[in-house]
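In what follows, a single structure is set out as structure tokens and then discussed.
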Amino acid sequence: MLPEEDLKIIRKELGREPTLVEQGCFLNLWSEHCSYRSSAPLLKTFTSTGENVLIGPGDDAAIIKFEDGYVLAIGMESHNHPSYVDPYNGAATGIGGIVRDIISMGARPIALMDPLYFGPLDTPKNLFLFEQIIKGIAGYGNCIGVPVVNGETFFDRRYSGNPLVNVVAVGLCKEENVTTSRSQKAENKLILAGSSTGKDGLGGASFASRDLSESAEAEDRPSVQVGDPYTEKLVMEMTLEAIEKGYVKSCKDLGAAGLGGASSELAAKGGLGARIIADAVPQREPNMNAYEILLAESQERMLFEVAPEDVDAVLALVQKYDLNGAVVGYLTKEPTYTVEFGGEIVADIPIAFLTGGAPTCEKPSEAPTLREEGKKPETPEDLKVAFLKVLSSYNIASKEWIYRQYDHEVQLRTVVKPGEDSGVLRITGTKGIALTCGCQPRATLLDPYNGGKTAIIENSMNLAVKGAEPLAIVNCLNFGNPERPETYWQFENAVLGLGDEARKLSIPVVGGNVSLYNESDEFKTAIPPTPSIGMIGKVDLEIPLPSGFFAKDGDSIILVGETTPEMGGSEYYACMDSGNAGMVPAVPENAPELIKAIIEAVKSGKLSSAHDLSLGGIGAGLARMCRSMGAKVDLSELAGETQADELLFSEAPARALLAISEPEAVREILKDVPHAVIGKVGGETLEIKGKNFELSVSLKEIAEAYGSLTRFMMG
């Protein structure tokens, strides 16, 4: 039901009581999910322009200039609530929706990433959600032939009952084929093409704009869409062919609010109105009413604006691909949104009011009571036990069980496969892109502003170790109930942190999604603030890319960046049951210089290996690089007054490990940033020495700890 405050505004504008169909349109298009009514003022603080940005926020996806006449389409979406209610279909249709966003811009999807967040797997419900969500992503992505090349998987008890499924998609096309969702000309026809329209997904947009109740699995299942990847593949090919032949004047995929959302937004963006003939829509079920036809979120559907003379050609294309298609309306000069059904007018709304009239506001924001730092844990007597415990944490352990279910090599562009800091794809002969995603939710929980900044730095470093120059950022801003002042304060400060650090690095934030009300009645939890981002960069493939693992016996190991003792939000503190203690490490002022230096070091072509340091710090980073060969490392010179566990597990941002046969070859590049040669690659063990500790772990022990998640899931 529409809130009474909204109804008052609507009655005043219309001068009458809205019809049932009109109420449905407003309920969905004025929902938080569609209108960003709580977040719009904050989103405007992002810098979204740049020399390579052709289309920024506001369309189905952003368009970034690449090379040789090619452009990249990039978008990011969430499908959180549906993935709790029906995890397989919720995750699958999350993939389908973001892929259609890319297609609607005229681009062929070439890559996916999936930042995912779950509750602990020792709870049967969380384990079920985890398994089904991964299956849903794999089942849909593999069938449509788009590789999943990178991702993040993070576990925390606060995601119990409210997993987060975020998806990034990237597409490629020639600049002349870019299509937008801005309508072009009155009297042009609106063609609905793809799957037929059923009753699935009704109210999906409004469902995504409230907390999950204990009865959500039963009550909200009709709000979850059901996907068909084989139809999606046909829709993809049909749409791209129609665009390449010049038939499509504007295009929008049908997602939130279904035909009602797509047709009204497309028309309004071009300053036009629309008249929809609901009876003309190809229907999957008998006796559907106008409300259902207009607002169902059935998947695999696209809306095209087509000139009258091209209608027959487009419908012939639709038939060629064995899809459903029909003219369902037309654009009008009058700026109204009119829906006809059964010969009667069931909706007649000023279109700008429908698509842009939702009242936006900044919610009350209140900082929480100042948190006590708490007591840091004593340094463990047996450091090796702590080391292996951290390494076997599912947040750090190998995610091989996940990405082995994905086809990450389809389309034959993949240069760097999943399991490294970033995925790399070949675009043209010598140019490629690097892709990375994620954030650090525990750091953002303790310090939202610094957590937002850290997300930008962490992803920038993931690109840097592959020599990639950042091009653009997209985001999924996942938070709890914004009506709680403390939650809105978290949201506000995380957004400001993201924006400030992105500006400092001159990376535009070109699009994304806001997902609020992520709270679970069943588990009595609210998610930690999760400003998940996707980042894309340009890579020169003429230069040999360093491996994320030690690759050459005898290489010198260089640590770049400063290690600080702040441990707040760290995986080590979580493993030691001190999760709320400590201060979050600050992003260093010289982070841009550190990132630039690492990029230049990689571009020198001299590095054998390079790896960003994040969760688990130096200890976990070294262990991860010891996949097939060991290392001897001496951290004594770095220690100062730092405790052994802080030295090993600090997650101070903007640090990396480099391996090179001749360190002098990059000394000039690194001369203006903190760095030190800390050891050599070789042997069958990882040996780490500090001022007052020595640690020796065999490659077998490392492999066993690092394989904990795979072993559990295969168990």
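Keep in mind that glycine also has a Cβ here, set from the backbone N, Cα and C atoms.
DSSP gives His33 (active site) a helix state. Feature annotation from Swiss-Prot assigns active site to His33.
Using a 10 Å radius centred on the Cβ of Gly512 (ATP binding site) and all shown protein chains, the other Cβ atoms total 27. Taken from Swiss-Prot, the feature ATP binding site applies to Tyr36, Asn475, Gly512, supported by sequence analysis.
DSSP assigns Asn513 (Mg(2+) 1 binding site) to a strand segment in the three-state reduction. Spatially close to Asn513 (Mg(2+) 1 binding site) yet at least six residues away along the chain are Met76, Glu77, Ser78, Asn166, Asn475, Cys476, Leu477, judged by Cβ distances under 8 angstroms. The Mg(2+) 1 binding site feature in Swiss-Prot is assigned to Glu77, Asn513; the stated evidence is sequence analysis.
Swiss-Prot lists Ser78, His79, Asn80, His81, Arg100, Gln225, Glu297, Ser298, Gln299, Ser515 with the feature substrate binding site. Its own atom aside, the Cβ of Gln299 (substrate binding site) has 27 Cβ atoms within 10 angstroms in the protein chains shown. According to its DSSP assignment, Gln299 (substrate binding site) is coil.
Annotation for His79 (active site, proton acceptor): same-chain Cβ neighbours under 8 Å, separated by at least 6 residues, are Gly90, Ala91, Thr93, Gly94, Gly97, Val165, Val167. Classification of His79 (active site, proton acceptor) by DSSP places it in coil, neither helical nor stranded. Residues annotated as active site, proton acceptor in Swiss-Prot, with sequence analysis given as evidence: His79.
The Cβ neighbour count for Asp253 (Mg(2+) 2 binding site), using a 10 Å radius over every protein chain in view, is 26. Annotation source Swiss-Prot lists Mg(2+) 2 binding site at Asp101, Asp253, citing sequence analysis.
Across the fold, the C-alpha of Asp101 (Mg(2+) 2 binding site) and the C-alpha of Asn80 (substrate binding site) stand 18 Å from each other. Summarising the environment of Glu297 (substrate binding site), the number of other Cβ atoms within 10 Å of its Cβ, over all protein chains shown, is 29. Among the recorded positions listed here, namely His33, Glu297, Gln299, His33 has its C-alpha nearest to that of Gly512 (ATP binding site).
In this structure the alpha carbons, written CA, of Arg100 (substrate binding site) and His33 (active site) are 18 Å apart.
Asn80 (substrate binding site): 26 other CB atoms within 10 A of its CB, across all protein chains. On its own chain, Tyr36 (ATP binding site) has Leu43, Thr360, Val514 as residues at least 6 apart in sequence with a Cβ closer than 8 Å to its own Cβ. DSSP classifies Asn475 (ATP binding site) as strand under the three-state reduction.
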